[in-house]
Amino acid sequence: MTTKTSSPEKRKWYQIQWFQPQDTPRERKLINKLDLLIVPYAFLAYWVKYMDQSNLNNAYVAGLKEDLGFQGNELVQLQTMYIIGAVLGQIPFMFLFTYVPMHWVIPFLDVAWGIFTLLQYRVTGFAELAAYRFLVGWFEAAFFPAMHYIFGAWYRSDEIARRGGVFYLGLTLGTLTAGLIQAGASQRLEGVKGLAGWRWMYIICALITIPIGIIGYFVLPGTPDRPNGLLLSEEDVAVAKERLQRDGHVTEGKFSWKGLAKIAKTWHFWGLILFDVLFWNGSINTSTGGYLLWIKSLGRFSKARVNELGTISPALGMFYTVAICFASDLVLGPAWAITVAHVWNIIGLIIQVIWEVPEGALWFSFMTTYSAVAMSSVLYGWVNSQLKAAPAERAFTLVLINTVAQSTTAWTPLLVFKTVEGPRFTKGYSFVLANAVCLIGMAHVLRIYLAKKE
């Protein structure tokens, strides 16, 4: 791995600038163009991705459980089916990223997951819903590492985290939107055309998802080695390559088994896998539905009100994401940004482990939850910057660490977040707490290692 980095002029922490002083006017024009093409689409597509992923929890507390006769641990099993699909679906893309134009791959996957989101409105039982959740996961699988691969293909290492932060806002906004859509469907569409409100939610989500996928064919710029000719001129691509090469980036390269063997022999590659495993398991409290199940257990809110209250935590997550990602690029650096995010997460987890506290304390604890995922773009931006000299290795590493890490969350919730134990998931919150503590330690081990190597 290379540790060569750009050397922007040092500024005080309060001197926040979008560009670096060494960026020429032509380069700034290109950066603005890329920002307008990549970042809004990444944000919108991630918004619908998490709307379509998290709507299961909203539907479950809005009548799906009762309508389909679910009992026991069906909810966590359905969550696992999604993860299995997402893990298996990523594997081909560690090879394909360097061979197939990204402005073809991502929109195709977006439209396909929209179709299987729509089909969930017609489910009649657990097996059918499990199959749809698997296929939604399969077609969503490559999106996150693909977008970070595109970020790393066009931006310098000191530019990625804050763009990734805006992109990652889609996660929390998608979770928030799913709650609002379900609340509205429960209030206004219950029984319309003979469909329950939760079934209408899947229809509405699909009608939002599919057009955004189609738009991707026209707005994604691809990568410098396979650009979208509809959007970028030859001069644009030449300027992009020149500014990246000046910073030590390599813009071309294809996956090979020899390259795979080379990177697999390095200990820091396995360290990155462990790092990502700790991140995924230190943030599964955001997706297991504990907050919604707890609100429902209070027994004093309607279905619509439960979903409305469930949007508060992801709404705060939008603030956490912007603050952490911008702080990483402009003030703290990756390791300390990760530390800040997970210290806040740890405070909430400690309260949830204790549980026997005033109700207000539990409300506070759930408000900290989405700080756990706020540093995701910091982590993947860090990986991007360390592998900027090897596109094929970067593609392989981004996919593989995400695949291995996410695969562990296919079975850990089955052990520690059993639906029948909710909403007080003592084992689950303790497990997440341990991972969050280890994640902070691992971040500083990596920081010290890279500093010494450089």
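Glycine is no exception: its Cβ is also placed from the backbone N, Cα and C atoms.
Those TrEMBL annotations? Automatic predictions, nothing curated.
Database features (TrEMBL):
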TRANSMEM  30-48  transmembrane segment
TRANSMEM  80-97  transmembrane segment
TRANSMEM  104-123  transmembrane segment
TRANSMEM  135-154  transmembrane segment
TRANSMEM  166-185  transmembrane segment
TRANSMEM  200-220  transmembrane segment
TRANSMEM  267-294  transmembrane segment
TRANSMEM  309-328  transmembrane segment
TRANSMEM  335-355  transmembrane segment
TRANSMEM  361-383  transmembrane segment
TRANSMEM  395-417  transmembrane segment
TRANSMEM  429-450  transmembrane segment
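Through the fold, the transmembrane segment (30-48) approaches residues 19, 23, 106, 110, 114, 143-144, 147, 150-151, 154-155, 159, 163, 166-171, 173-174, 177, 205, 208-209, 212-213, 215-216, 219-221, 231-232, 236, 239-240, 243 of its own chain, all at least 6 residues removed from its boundaries and within a Cβ separation under 8 Å. The stretch from 166-185, 335-355, 361-383, 395-417 that makes the most Cβ contacts under 8 Å with the transmembrane segment (309-328) is 361-383.
If you look at the transmembrane segment (361-383) against the transmembrane segment (104-123), you find fewer than three C-beta pairs under 8 angstroms, all six or more positions apart, and that falls short of contact.
For the transmembrane segment (135-154), the residues of the chain that approach it from at least six positions outside its boundaries are 34, 38, 42, 45-46, 49, 52-53, 81-90, 93, 97, 102, 105-106, 109-110, 112-113, 116-117, 120, 160, 163-164, 167, 220-225, 240, 244, 251, 377, 380-381, 383-385, 387-388, 391, 394-395, 398-399, 402, judged by C-beta separation under 8 angstroms.
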